[in-house]
Amino acid sequence: MCCRVFASSKSGGGACVRGCCSSGIRTVHASPELDRKASACEDAAVEGKDGRRQAGHPSRRLDGPGLAGVAAGPAAGIMASLADRVRGRGRIAAGLLFNLLVSICIVFLNKWIYVHHGFPNMSLTLVHFVVTWLGLYICQKLDIFAPKSLPPSKLLLLALSFCGFVVFTNLSLQNNTIGTYQLAKAMTTPVIIAIQTFCYQKSFSIRIQLTLIPITLGVILNSYYDVKFNFLGMVFAALGVLVTSLYQVWVGAKQHELQVNSMQLLYYQAPMSSAMLLFAVPFFEPVFGEGGILGPWSVSALLMVLLSGVIAFMVNLSIYWIIGNTSPVTYNMFGHFKFCITLFGGYVLFKDPLSINQALGILCTLFGILAYTHFKLSEQEGSKSKLVQRP
């Protein structure tokens, strides 16, 4: 490398002397005045004949705009990070809103189909299963999820319970008011706890068990004072709660056993459940003629049935998206809001009567659900803290 040595002359001037050294560029000076001249000499050495600084030799001085550019770098990064965060939260909010709309819409649309068109229940469920399977088939072709090969024998009981829980839940909706139908579904939590306690020897804390009292009491109050009480509807509701609870327990066990997510499991469940219902429908409902699935339905009725199937698929897809992008806790908390909106919408759209005692029952059940969620989350957070603190 070239080194520059600034040597003083007897006249007090100076000259730049270029030489070479192995350690790099070096400037030697003996006084402040020579230091100033050495600096000027070094600047001149890298100047071109046209007075412009040559490439590879940046200026030793930072002007105002340069400092502003350095400061703008971190600020731009922060703004970009904030923008990404806002967009991410916007997508989650849009997903939650979409799930709210389709979840409420499927309840009201199915009720409308039963009340105003009298479409058979099991046939409507069959349409839901077929559309759901077709939708999942399109999703896996679009690489939204990757299917996993599963043995059908391990899914047979699960597919049968899937049929039962959807059919009985829809029969409960068909024969009960929306308020009674919605509150009856809240009994799923106590039944799941009972199944896990007696069949799987799983223990629950006292405060979790105490939350089951207001949930159950509220359902009983609402059912007892329901002006449109329907005994057959309550039988269907009870069967729906029992089969739904079994299905939810088995789904959790199968996902753990087979190492699959809910979409991969549903991808195999839906066609199996469709085949089961296709076999069972002729024994319980007419196929041809008046009231049959292939009967003379109006175009509006068929469009509403098809729309119901599409919305049912969107409900399943949005649930999967919400849990995948937030957490099951967020979905459950959001479910309480949907619970209240659905109850309110049922009384407004279908003019279902609501007595003071029924309102008390609804509030009692809602209090129990919120208390259960609060205590369950507290226990889960406590368990995580213990795992973190464990050496």
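Cβ atoms here come from the backbone N, Cα and C positions, even for glycine.
All TrEMBL annotations are machine predictions without curation.
Straight from TrEMBL, the features:
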- 46-67: region 'Disordered' (REGION)
- 92-113: transmembrane segment (TRANSMEM)
- 100-372: domain 'Sugar phosphate transporter' (DOMAIN)
- 155-173: transmembrane segment (TRANSMEM)
- 206-225: transmembrane segment (TRANSMEM)
- 231-253: transmembrane segment (TRANSMEM)
- 265-284: transmembrane segment (TRANSMEM)
- 296-322: transmembrane segment (TRANSMEM)
- 329-350: transmembrane segment (TRANSMEM)
- 356-375: transmembrane segment (TRANSMEM)
Taking the transmembrane segment (356-375) as reference, which of 92-113, 206-225, 265-284, 296-322 has the most Cβ pairs under 8 angstroms?
206-225
Determine which recorded stretch among 155-173, 206-225, 296-322 has the most C-beta pairs below 8 angstroms with the transmembrane segment (231-253).
155-173
With pairs closer than 6 in sequence left out, are the transmembrane segment (92-113) and the transmembrane segment (296-322) joined by 3 or more CB pairs under 8 Å?
yes
Intrachain neighbours beyond the transmembrane segment (92-113), with Cβ under 8 angstroms and 6 or more residues off its ends:
119, 124, 170, 173-174, 178, 181-182, 301, 304-305, 307-308, 311-312, 314-315, 318-319, 321-322, 325-326, 330, 334, 337-338, 341-342, 345-346, 349-350
Quick one: average pLDDT across the domain 'Sugar phosphate transporter' (100-372), no decimals.
86
